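Here the structure comes first, spelled out in structure tokens, and everything after it is commentary.
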Amino acid sequence: MGLPWYRVHTVVLNDPGRLLSVHIMHTALVAGWAGSMALYELAVFDPSDPVLDPMWRQGMFVIPFMTRLGITNSWGGWSITGGTVTNPGIWSYEGVAGAHIVFSGLCFLAAIWHWVYWDLEIFCDERTGKPSLDLPKIFGIHLFLSGVACFGFGAFHVTGLYGPGIWVSDPYGLTGKVQPVNPAWGVEGFDPFVPGGIASHHIAAGTLGILAGLFHLSVRPPQRLYKGLRMGNIETVLSSSIAAVFFAAFVVAGTMWYGSATTPIELFGPTRYQWDQGYFQQEIYRRVSAGLAENQSLSEAWSKIPEKLAFYDYIGNNPAKGGLFRAGSMDNGDGIAVGWLGHPIFRDKEGRELFVRRMPTFFETFPVVLVDGDGIVRADVPFRRAESKYSVEQVGVTVEFYGGELNGVSYSDPATVKKYARRAQLGEIFELDRATLKSDGVFRSSPRGWFTFGHASFALLFFFGHIWHGARTLFRDVFAGIDPDLDAQVEFGAFQKLGDPTTKRQAA
């Protein structure tokens, strides 16, 4: 046929049987990738430390999606929350992966069958005997079935009525677990961080989809609307489907990057805005202040800070710190976190407590500046020592650790103080193992960053695809050069341009 690569899909334009076949094959490829990727991730995933080496630090991409839907156990005997399990059941991580691969194989066989047996009676118009699809009816069927699935997910799976529920956590990502969720029917259901909104919105959207599907199955579109929206053209279906997909991709890119109940930080890592706003730092200071108010010592108050909370307050877990084209997991960047060294408190020789100014997200280097409680600069690590007034040596800065592995340890040696001041720019200080994975010390993004970049990019691409195919559908007659209102009988070959009497061919 000699079609260029970008026109090869025209072979299924007027062939409903093979159009169905290629879509089934596409589903086979998607399901096959999902199952294979899950098995690969399970082969390389280390579940031994869910606090300091969680799935998102290891670069897991499909495991978080399985987990948020209620899968927590492995046939390997481990649980995602730590500990061991003796009876994980069929719906373990491996079970879900296997189900996708089996489903992929069945779809592969079905695609081949439909490619071979393409000329089925169901695709033929009874009146003309030619291949034809009743697209408005098919739209109604799909809308009804997707509505049933949507309603079922919200009413049964999420609520735990028939299913495990979903992953639910506290605002600081400390107590996450899979649990049933009650629908939130009040205004709180519109809060993107309220899990109940997931149940209620699926129930509401599913109900609407079922009703809309039944409507489109029982009511035929008016002739003027049918012609105006080109409802008889398969490219209209392509255009509107692309619109639905790019809209969904933009939405999920937003919920992933800005955070929501559907993208828990325990599964996908924290958002960049939590670093920008000092979200975890504020909660840590609130807990320490509460401890001091209960007459605890500084050491006791800091020792009660969960290591998990301290780890979130570290810039290496900020998804915006990794370049988009730096391949590999976060562990391949700054290393595998081994332990929290504790919270460093700096003081000058007059006893004032000093705070290291933290590095903003989009800086690779940042001056080391220590300020007092009023924000006045008291010490720094100068670029030019000859002109320095506030150097650590001149000001006599010391550092003492509270909580963590170095609890109670203090340093007055300027070189050591400066080392920890530099590290305090990056948030809480952790011991990182860079030897095991030969980590290069350059920050990487988390799966939250990859997902957002991928979906935003494809959404933009699909937006242009929607415009392209929509225009081709609506203006097909213009592009073809045929007047749609032409009702005269035209003899093919009589004119150089079809239907244009001014281009009548001259007799040879």
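Backbone N, Cα and C atoms are what each Cβ position is placed from, and that goes for glycine too.
Features as listed in Swiss-Prot:
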TRANSMEM  21-36  transmembrane segment
TRANSMEM  101-115  transmembrane segment
TRANSMEM  140-156  transmembrane segment
TRANSMEM  203-218  transmembrane segment
TRANSMEM  237-252  transmembrane segment
TRANSMEM  457-472  transmembrane segment
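Non-local neighbours of the transmembrane segment (101-115) in the same chain are 17-18, 20-22, 24-25, 27-29, 31-32, 35-36, 39; each lies 6+ residues outside the stretch with a CB under 8 Å from one of its CB atoms.
Same-chain residues lying 6+ beyond the ends of the transmembrane segment (140-156) with a Cβ under 8 Å from its Cβ atoms: 162-163, 183, 198-218.
Note on the transmembrane segment (203-218): residues 136-137, 139-155, 183 of its chain, located 6 or more positions outside it, place their CB under 8 angstroms from a CB of the stretch.
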